[in-house]
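S.K.: Below are the structure tokens for one structure; questions will follow.
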Amino acid sequence: MELKGVQPSNGSPNGNGNGATNAASTEKTDAEKPTAERTNWGNGLEFLMSCISVSVGLGNVWRFPFTAYENGGGAFLIPYIIVLFLIGKPMYYLEMIMGQFTSQGTVKIWSVVPGFVGVGYGQAFGTICIISYYSSLLALTLYYLFVSFQSELPWSYCRDEWTNCVNSRPEEYVDNLLTGVSLANESARNLSGIGLVANNETEKLQSSSELYFLNVVIKEKLDISDGVGDPDWKLTLALFVAWVVIFLVIMRGVKSSGKAAYFLALFPYVVLFVLLIRAVTLEGARDGILFFLEPQWGELLNPTVWKEAVVQCFFSLAVGSGPIIMFASYNRFDHGIYRDAMIVTTLDTLTSLLGGITIFAILGNLAHNLQIENIRDVVRSGTGLAFISYPDAISKFQAVPQLFSVLFFFMLFVLGIGSIVALQSTIVTIICDQFKGWKYWKVALTTSVCGFLMGLVYVTPGGQWILTLVDFYGGTYVVFILAIFELAGIVWVYGLQNFCDDIEFMCNRRVSLYWRVCWSFFTPVMMIIIFIYSMATIEPIKYSELYFPEAANVAGWLLFAIGAAQFPLWGLWYASRHPQGTYWKSLKASLKPSDRWGPANPETRREWVIFKNQKAPQRATQKDTSKLGFFWRKIANFCGSNK
């Protein structure tokens, strides 16, 4: 950026020249006053490893395989890859740019459009909801990890008090099969476990791994109308250990989390490849892999499949919740984020495929051992897949199942830590950006204690009900709708050309047509259509095929309303605190960049002001003949943009 020799001018440019003020003025704006230097990553590799650790997580190993299977198998890869290129990659790159350009967290970046600051607060709310239950999954993972060191895996055999139980040891299944007990078809399956048919009547048998999870680990309640119960002390202890680890990783900010990122990002691949090699050598693995990859082409015409592809993409890449913005804010201003964005989004997809092949190879072996023709009968979703199907399959390994169990659950724990560290750091960064004098480690400690206390509700007998409710209302939909507003605020209000100019200044490269078309049209339009479809087809949520009490659904919608309402409420608050005559003028003014928008470093900011002022005359003479561009510009102008 060869701009050093040009005399700077003060102001906050909007891209049309109005931000340029008298160059001779010696008075500095608030944005130009020296600010405390923001901590940077030790090197660019730490940033890359951190992004990998958050984006390549539990969603790749235990959510993607089942989601793909339920939505067309191999055919699901087509809408998923399309969604990745039209929504996932553009949103990921956009959030990286926003964080690095301003060196600010999820809330402070909205100096670009102050009236949209509620997007940042709403995303923080959604992130807190996700953190609250994510840590409970770590507690379950730790519990299984600890008990895997026993001489015999505790879920591989039945207890005396369990009726209709079949040991998860392979020989026990063979014994049952030899006595003439055959597995029921899919219509005989129910929430309680594997349906078995004997003497022309359906006898409900459950594997010991399922009964162990339901009766010993979570002590499941099937009715929460009278409350969720008390926290289990073993899971509470595991939850405490998980939060201690989280705090130790984030206590020194990127100085500590950046070093941990190498292990958090790379170790899961070591274990995943070990499990892959073992899985593909098992009998029945080929059938499981083909079952996973076999396309069901008719599903491509199902709108639900496309909706699930978007949800999976958001969940997997962690866009819309703040971690990517937060991580990028600790980069040097000239860091090459384009390369990192391409690496992470591509690696994320490949890891999902790798995880799917590994998991379905194991499930194929499980079906082979059970002599089940339809692998659907051994597939579970969500928590059941991680803590029932996997342990059940591992217990059937002939050689050292304890070793593979330890490796598997330690891998899950590391994947979970990588994700929750990013989410927790997002909240800590938001607080520290707001209150500059607060010590980072003290904020990290306080938020970790709060996270532990919130997590207690999920380690109760009714905890899985609450997890399902919070994830559905407070996580998925809040994050999704605010991501739409996030994109609209940058592209339609601040202006696509303004944003592209900022990227050109920071990265010293022009923005390609692909990014422009995605940001201005394909990404927002697809997201809006899918959100409307999701709302129009929404159904009451269920847990284990049981509907939630009416009061729980009311609480869920209230949770969603609180998260979504952050956007308009904070916008109105900002307009009232910065009056510009009439209230309508104040609202329009809140849609223009504030003096604080721009690079954090004063010298870099002055260079950016010059660059923008040089660009303004060029853009004033350009004529956009695109009807689409004209349409979006009219919308932006109506909203008060100076595009």
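Glycine residues also receive a Cβ, built from the backbone N, Cα and C atoms like all the rest.
From Swiss-Prot, for reference:
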REGION    1-38  region 'Disordered'
TOPO_DOM  1-40  topological domain 'Cytoplasmic'
COMPBIAS  8-26  compositional bias 'Low complexity'
COMPBIAS  27-36  compositional bias 'Basic and acidic residues'
TRANSMEM  41-61  transmembrane segment
TRANSMEM  74-94  transmembrane segment
TRANSMEM  111-131  transmembrane segment
CARBOHYD  N185  N-linked glycosylation site
CARBOHYD  N190  N-linked glycosylation site
CARBOHYD  N200  N-linked glycosylation site
TRANSMEM  231-251  transmembrane segment
TRANSMEM  260-280  transmembrane segment
TRANSMEM  309-329  transmembrane segment
TRANSMEM  343-363  transmembrane segment
TRANSMEM  403-423  transmembrane segment
TRANSMEM  449-469  transmembrane segment
TRANSMEM  476-496  transmembrane segment
TRANSMEM  518-538  transmembrane segment
TRANSMEM  554-574  transmembrane segment
S.K.: Which stretch from 111-131, 231-251, 260-280, 309-329, 449-469 shares the most C-beta pairs under 8 Å with the transmembrane segment (518-538)?
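M.R.: Ranking 111-131, 231-251, 260-280, 309-329, 449-469 by Cβ pairs under 8 Å to the transmembrane segment (518-538) puts 309-329 first.
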S.K.: Do the transmembrane segment (41-61) and the transmembrane segment (231-251) come close, with at least three CB pairs under 8 A (pairs 6 or more apart in sequence)?
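M.R.: Checked: the transmembrane segment (41-61) vs the transmembrane segment (231-251), no contact.
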S.K.: Tell me, please, if the transmembrane segment (476-496) and the transmembrane segment (343-363) are in contact, taking contact as 3+ Cβ pairs under 8 Å between residues separated by 6 or more positions?
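M.R.: Result for the transmembrane segment (476-496) with the transmembrane segment (343-363) is no.
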S.K.: I need to check the long-range neighbours of the transmembrane segment (343-363): which residues 6 or more away from its ends have a CB within less than 8 Å of a CB in the stretch?
M.R.: 48, 51-52, 55-56, 59-62, 64-65, 68-69, 77, 80-81, 84, 88-89, 92, 269, 272, 275-276, 279-280, 282, 285-286, 288-289, 291-293, 316-317, 375, 378-379, 385, 389-390, 393-394
S.K.: For the transmembrane segment (260-280), which recorded stretch in the set 111-131, 231-251, 309-329, 403-423, 554-574 gives the largest number of Cβ pairs separated by under 8 Å?
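M.R.: The stretch I would name here is 403-423.
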S.K.: At a threshold of under 8 Å on Cβ distances, which of 74-94, 111-131, 231-251, 449-469, 554-574 pairs most often with the transmembrane segment (309-329)?
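M.R.: Checked against 74-94, 111-131, 231-251, 449-469, 554-574; highest Cβ contact count belongs to 74-94.
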S.K.: Using a Cβ-Cβ cut-off of under 8 Å, list the residues of the same chain that are 6+ residues beyond the ends of the transmembrane segment (403-423) and lie near it.
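M.R.: Hits for the transmembrane segment (403-423): 50, 53-54, 56-58, 60-62, 127, 130-131, 134-135, 137-138, 141-142, 144-145, 148-149, 153, 242, 245-246, 249-250, 257, 260-261, 263-265, 267-268, 271-272, 274-275, 278, 318, 321-323, 326-327, 386, 390-391, 394-395, 397.
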S.K.: Considering every residue in the topological domain 'Cytoplasmic' (1-40), what is the mean pLDDT value?
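M.R.: It averages 43.
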S.K.: If I count Cβ-Cβ pairs under 8 A between the transmembrane segment (449-469) and each of 111-131, 231-251, 554-574, which range comes out on top?
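M.R.: Most Cβ pairs under 8 Å with the transmembrane segment (449-469) come from 231-251.
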